[in-house]
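One structure below.
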Amino acid sequence: MSDKRQRARVQGSWAKPGAKPASSAGRQPTPGSWNAGPRTYEFHQPADPVRVIPVEKAIEEAGDYEISKGPTGVSRLRLLPGFLPLEEADWMFATLLAELPWSQKTNYGTMGEAYDEPRLTCWYGELPYTYSHSTMQANPQWHPVLITLRQAIEQETSHTFNSLLCNLYRDGKDSIAWHSDDEASLGPHPSIASLSLGDTRVFSLRKKPPLEEKGDYTYAEKLRIPLSHGTLLIMEGCTQEDWQHQVAKEYHDRGPRINLTFRTIYPEPHPSRMDNNGELRQ
Ligand SMILES: O=C(O)CCC(=O)C(=O)O
């Protein structure tokens, strides 16, 4: 167990019992003599304040949610279950499953090791998109259903989107690990609209810890949002800067799910992402 967790569990400590009364020193206890005589205890306050692991909160109702307000700014979510009426969602799911050019993407880890992403994907947009050290080539020929959806979502959100990452989770074993959509090509404070079709999967978020936590998420705030057939989720403000998200594997039966994440890609890193030396700010 890490030091921090150990500390969090210890709420104080009892000092060793004081010295035994002189009369009993050096003597073997006789049966029944253990409770005899006074014992003194001293309470020591813990050196560090007690820390509690926050309980994961669920967001399930339609609405606007301000999930944090930090030094960087406000992080906002908007959840619209039933954004698509059921019948429309049904035929769109069947059409996109059958007709989009789903393919297996190979990503690369920080040490350059190749791995297959545990889901199928395809990309639409005038520009390529790189994440996990692997690039999806530009694909300007949008499927007509995707054009209709883009228009409906732009109208709902008052944002415009020039690109779309389509994800197919074939079953519960497909997933996407913790990450933020914070690539330089998305510009600062990207707004991302995410439409889900097919089986429900849990979309989780966790707040990035302050620097002094050194990447330890033990005490991070956590949210869970079940994304059902036809649900639209919009992430805005500092959500990508201040939070990570994932769709974890599930070990019970899950049917296929399509997730469409509409984004705006910029041709060059946005100027506000560059420091005075022309380097990308982290
Ligand atoms: O499938 C989802 O709901 C999330 C997808 C996602 O986080 C991503 O592709 O960046």
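Cβ from N, Cα, C; glycine included.
Feature list (source: TrEMBL):
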REGION    1-41  region 'Disordered'
DOMAIN    160-266  domain 'Fe2OG dioxygenase'
By DSSP, how many residues in the domain 'Fe2OG dioxygenase' (160-266) are helix, how many strand, and how many coil?
10 helix, 50 strand, 47 coil
Please average pLDDT over the domain 'Fe2OG dioxygenase' (160-266) for the predicted structure.
97
